[in-house]
Amino acid sequence: MRGSGPRGAGRRRPPSGGGDTPITPASLAGCYSAPRRAPLWTCLLLCAALRTLLASPSNEVNLLDSRTVMGDLGWIAFPKNGWEEIGEVDENYAPIHTYQVCKVMEQNQNNWLLTSWISNEGASRIFIELKFTLRDCNSLPGGLGTCKETFNMYYFESDDQNGRNIKENQYIKIDTIAADESFTELDLGDRVMKLNTEVRDVGPLSKKGFYLAFQDVGACIALVSVRVYYKKCPSVVRHLAVFPDTITGADSSQLLEVSGSCVNHSVTDEPPKMHCSAEGEWLVPIGKCMCKAGYEEKNGTCQVCRPGFFKASPHIQSCGKCPPHSYTHEEASTSCVCEKDYFRRESDPPTMACTRPPSAPRNAISNVNETSVFLEWIPPADTGGRKDVSYYIACKKCNSHAGVCEECGGHVRYLPRQSGLKNTSVMMVDLLAHTNYTFEIEAVNGVSDLSPGARQYVSVNVTTNQAAPSPVTNVKKGKIAKNSISLSWQEPDRPNGIILEYEIKYFEKDQETSYTIIKSKETTITAEGLKPASVYVFQIRARTAAGYGVFSRRFEFETTPVFAASSDQSQIPVIAVSVTVGVILLAVVIGVLLSGSCCECGCGRASSLCAVAHPSLIWRCGYSKAKQDPEEEKMHFHNGHIKLPGVRTYIDPHTYEDPNQAVHEFAKEIEASCITIERVIGAGEFGEVCSGRLKLPGKRELPVAIKTLKVGYTEKQRRDFLGEASIMGQFDHPNIIHLEGVVTKSKPVMIVTEYMENGSLDTFLKKNDGQFTVIQLVGMLRGISAGMKYLSDMGYVHRDLAARNILINSNLVCKVSDFGLSRVLEDDPEAAYTTRGGKIPIRWTAPEAIAFRKFTSASDVWSYGIVMWEVVSYGERPYWEMTNQDVIKAVEEGYRLPSPMDCPAALYQLMLDCWQKERNSRPKFDEIVNMLDKLIRNPSSLKTLVNASCRVSNLLAEHSPLGSGAYRSVGEWLEAIKMGRYTEIFMENGYSSMDAVAQVTLEDLRRLGVTLVGHQKKIMNSLQEMKVQLVNGMVPL
């Protein structure tokens, strides 16, 4: 690397003779030396120039500067008649060390100048700056054949400070140095002096120090100064973090990462780091420190908050003045103390003013209707400075004679509620008739429970009127016969007077329009003339002087059959029927034993009956596995499916006549002694799910998941349980859960699979909300799609694809599991499995599968789109709280789930493609895998997010944006989602109604100061949930 520096300029007369004597800075600087030296004005000019060059940049640390060495340099020149030192002093008598050589008339010059040992002070890369003058060979008469215009520079690394015995060939050449400008006799005549500056770097260095050497090969040169230095990034304070002096790296392109330390009274927000470049510059700052609570940033330091000011959190930039009704007399306050009779809840932000309980409600009025009372009032004059005012109703029953009151008790009902009332009205029902009551209406707010003062309430005294009795609640059956039912009951809890009679209404079930009324003064009746073996519905109500009460709830009782015996009849008819049935069954068995025709029909499904009815006839069937032809056995095992070499085809285990045969063909039997159950991790449809270890002979121990079949299972449950193993055993793919084997020869019956440490995908995502990059989420989706492609290629339909049925291991590998609802798809692309009833997971199921119960690989693609939505939303419930019927209706009308927050546009478009109504328009799983692979290979395509405003604008407009007023105020909504701290901010920025809140976007939240990602997501998700009540949240296709 060649550098150029400042060029000193001076004027002097040419020397009188000696053409081989150069004009040297040393001779020019000899202000007080021999008369043969340069004039005084020239040396003063050069000395001044040299002094201006002494200051080095702040990022350069000198290891040697010949201009500043006060004593002898200690350099060695050889041969002795080569380099010579010209020792001069400036006007301050400071030495100036200069070396010159000018052997241009002699051939084969080899003059060396060696420096003393130079310590590198830990630097691995150093720089050498040379300042020199050089005579133009053309200006030297007679020296053209021997004169040179370059010289060489070398170095030698050494830990020895006294090692001067270094051979020439041990030195390593740094470079050949040439002058940018050389001087001639014309320059001498014009009084111009030309000074060259060259810089070279050396590295990496591995020892403690080094020597420099300069070789002259026949030039006329003067070495004015030598400066050796290394570069550093100087100590600096950035973002309240101190970064120390840092020596640059050995590589010219290397960036050294340096960690900073926070200044006093500050804490780490994100660990502060910067990168030191090879040129000694600080680059790429990362992270920062923040002044801790009670301190604020000023001039790069953290200054204490003054009395009367506070700062509650490091995330707040400046100290703020204490809010109303609070104060602080201390420095470094993190909160302010409330004034007397003012309070602050723990959930109130420190920036909120201190508040007090409200005054009493005003102008309470009552309206009595028999045994119910309606109260109404107006809000208190003083709300205490809070917006969370609610009301509590205290009820007291008073004795008009003694003037004593007691609590009403639990029988009184309050509509809508007793406490937490937001409206200024309430109704009390189920009061006692002819009773004096006192109702106290108390206004409370968020700090009422913190105040030791007296309750603030208004009282209302009322007397109830005469009322009808309450409903009959406890009805018991008595004697039941084929034509009659006897019942008894207890008096109503609140008769509200003397019971005059009871009215009993009954009718045959599902024939309510034809009923019978019986009246009784007792609490028992017998209804007669009923039909045998029929269900009857009874309702009872009481009557007082005030009239009838309401009917009781419905009670159902069934009469006995015609042949059934009542409590006082004999058991003869029952015995007779039992004997008759037994005779019929015996006749059937004898008929089967006498008839061998079932075995003459070949080896169909009747063969199993043949073996049970007549074991001696098994040989006639020709179906015993021991005697079976291998080809016949093969055809039987595959039940008509032809297996081509190299082609894997799924075989439905339900087509096997003997389900156990399917299990043994596709699943490996494991000895129970090889399995160690460690703990229960869940419960399945058939029993417990455990984790444990599997140690097979000659193989390493494996962690496994173990499904067990519960005790007391039926044969059908056993078949269904092992059926899943028969399905899993046919699959071999890294994204399909792997079956290790089954245990069927001992109890409990077990299915053993690989163990997935992180469990189900939906639960895992909820636990790790927002913790993964988009690429990681796409990687999960890619694994799921690869597994589904494998199943689809085998002609297999899953039917229940959802995040809950995807398992994920510690390496974030997703695997498809849970084949309980799965069925086979034939080779015909139009074939589909028709279910035989049963539950369908509506939120994940394609519309054609819901409507016609037809399942195809295309319906699995629809379900995969829902899984994509679950993954990107970190396990949110699809369609939130919409009912299944609302989901079916919305999807049928063409609406789709909105994009999750911060969802890449490419992923949401793929979701919408999976949700095409026409199943043939949906992508195939192999196309989905290819699309996701492209996204992974090109991460920049995932940076474009679905526009938040578009997500809102695409929602249905004909419905209320907030679900028909689910919340009456912004404060109530924020409190409900535990975000009440932002109430004041919303109100101050004009979001005072729920309709205004409906238009809030993510950018609006950031502008309002909601900076925590978790809080942003909670608020946006709540808004989105409200928007999708009924079908508000669906995006039309």
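Cβ atoms are placed via backbone N, Cα and C, with glycine included.
Under the heading signal peptide, Swiss-Prot lists 1-24.
Look at Swiss-Prot and you will find 25-573 tagged as topological domain 'Extracellular', backed by sequence analysis.
Mapped onto three states, the DSSP output places Asn264 (N-linked glycosylation site) in coil. Non-local neighbourhood of Asn264 (N-linked glycosylation site): Thr301, Cys302, each in the same chain, at least six residues away, with C-beta under 8 Å from its C-beta. According to Swiss-Prot, the feature N-linked glycosylation site maps to Asn264 (among others), an assignment based on sequence analysis.
If you look up Swiss-Prot, you'll see Asn299 (among others) marked as N-linked glycosylation site. Non-local neighbourhood of Asn299 (N-linked glycosylation site): empty, since no residue in the same chain at least six residues away has a C-beta under 8 Å from its C-beta.
For Asn369 (N-linked glycosylation site), applying a Cβ distance below 8 Å and a minimum sequence separation of six or more within one chain yields Asn465. Annotation comment: Swiss-Prot describes Asn369 (among others) as N-linked glycosylation site.
Annotation comment: Swiss-Prot describes Asn423 (among others) as N-linked glycosylation site. Every protein chain shown contributes to the tally, and the Cβ of Asn423 (N-linked glycosylation site) ends up with 10 other Cβ atoms within 10 Å.
Other Cβ atoms within 10 Å of the Cβ of Asn436 (N-linked glycosylation site) number 17 in total over all chains. Annotation source Swiss-Prot lists N-linked glycosylation site at Asn436 (among others).
Annotation comment: Swiss-Prot describes Asn461 (among others) as N-linked glycosylation site. A C-beta separation below 8 Å, combined with a sequence spacing of at least six in one chain, links Asn461 (N-linked glycosylation site) to Cys398, Asn436, Tyr437, Thr438, Phe439. The secondary structure of Asn461 (N-linked glycosylation site), as reduced to three states from DSSP, is extended strand.
According to Swiss-Prot, the domain 'SAM' annotation covers 965-1029.
According to DSSP, Asn299 (N-linked glycosylation site) sits in a coil region rather than a helix or strand. Applying DSSP to the domain 'SAM' (965-1029) sorts its residues as follows: 42 helix, 0 strand, 23 coil.
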